[in-house]
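One structure is given here, and the rest of the page talks about it.
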Protein chains: 2
Amino acid sequence: MLMTNNEEVIEELKRIVKQKGLKYTEQREIVLDILINAEEHLSAEDVYNQIKTKYPESNIGIATVYRALGFLEEVNLITSIAFGTEGKKYESNAKSHHDHLICTSCGKIVEFLDDEIEKRQERIAKKNKFKITSHSMQLYGTCKDCQESK
Amino acid sequence: MLMTNNEEVIEELKRIVKQKGLKYTEQREIVLDILINAEEHLSAEDVYNQIKTKYPESNIGIATVYRALGFLEEVNLITSIAFGTEGKKYESNAKSHHDHLICTSCGKIVEFLDDEIEKRQERIAKKNKFKITSHSMQLYGTCKDCQESK
DNA sequence: ATATATGCAAAGCTTTTGCATCGAA
DNA sequence: TTCGATGCAAAAGCTTTGCATATAT
């Protein structure tokens, strides 16, 4: 499935919800919308706060945010990662695939993509007769600024 | 720094503690020992429980485990990662590195290592001026058996 | 009409912190 | 002897859950 824009992701959410016999709610759409348009990875509370700012008329509760995040991750529309001292953070899967360089000192995240690595991952999967659905890769270390400030 | 065995890692801990003008305690050594000998990634509570089993005479508190884990991660003897629904887990940096192919259907895990990927990771880190301390990569998918039983 | 989803508040976990005491150097 | 480290318990954070109500279908 290739999703080129936000509407398409929202449509995908509708399709999944319908297929599962669940109900389509504005809250789930809002949570997804926030993540689709986020510049960076967001914690559950970040999402909650952004909703209060961007959709002040929505009286969403933090519990609903958590439930929506869990649901969206389960159906593969978003992904969570957590590192260092910071808690779990989420990002939309609609963003083009990339891996992460994470500074364990200041928390900075640099996204990158390497075609050769992607190809090799496929090859390894094939060799082991796995059918890959997703993958994640993180390089942990210290960014330039943090190395200097030591 | 290359560490080929456990004693060497413990020595490294002693060196670091001394260099920082801190005090060497059995508790920090025990926490490190647990992680060095762990078969898998452990949560703070896992570590605490294993200590109670392996060193029943040690009256360590959970707060000390957290403090030791934070310290050991800070000085780069261990690494924490967290993904998906699981919480934060720790592993010793002395263990030989490998990546994972994970079957999301039956849970089977295949470990692998690809030199070319490792090299490229280094190159990417260097390009971004990061000093890598560790990394993790997971390929999620369906193994052969689970594909067939569908 | 029916069953899922929500909001709220309470409950449950996980992790951190204050403080008196202990112990390594 | 000194000052960092520990254990305990309390506090603080973060996430989940129970329940009555609201709402999508």
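From the backbone N, Cα and C atoms, a Cβ is placed for every residue, glycine too.
Unlike curated entries, TrEMBL annotations are predicted automatically.
Database features, via TrEMBL:
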type    : residues                               : note
BINDING : B:HIS97, B:ASP99, B:GLU118, B:HIS135   : Fe cation binding site
BINDING : B:CYS103, B:CYS106, B:CYS143, B:CYS146 : Zn(2+) binding site
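Once Cβ contacts within 10 Å are tallied over all protein chains shown, the binding-site residues B:HIS97, B:HIS135 are led by B:HIS135. Using a CB-CB cutoff of under 8 Å against chain A, none of the binding-site residues from B:HIS97, B:GLU118, B:CYS146 qualifies. Ranking the binding-site residues B:ASP99, B:GLU118 by the number of CB atoms within 10 A of their own CB puts B:ASP99 at the top.
Here the binding-site residues are B:CYS103, B:CYS143, B:CYS146, and the one whose Cβ sees the fewest other Cβ atoms within 10 Å is B:CYS146. Within 8 Å of the centroid of the Cβ atoms of B:HIS97, B:ASP99, B:GLU118, B:HIS135, where the record puts Fe cation, the same chain has further Cβ atoms from B:HIS98, B:LEU113, B:ILE117, B:GLN121, B:SER136, B:MET137. When secondary structure is read from DSSP and collapsed to three states, B:CYS143 (Zn(2+) binding site) falls in the coil class. Reported as a whole number, the C-alpha separation between B:HIS97 (Fe cation binding site) and B:CYS143 (Zn(2+) binding site) equals 22 Å. Looking at B:CYS143 (Zn(2+) binding site) and B:ASP99 (Fe cation binding site), their Cα atoms lie 16 Å from each other. Nearest neighbour of B:CYS146 (Zn(2+) binding site) by Cα distance, taken over the binding-site residues B:ASP99, B:GLU118, B:HIS135: B:ASP99.
Taken residue by residue with DSSP, B:HIS97 (Fe cation binding site) is part of neither helix nor strand, so it is coil.
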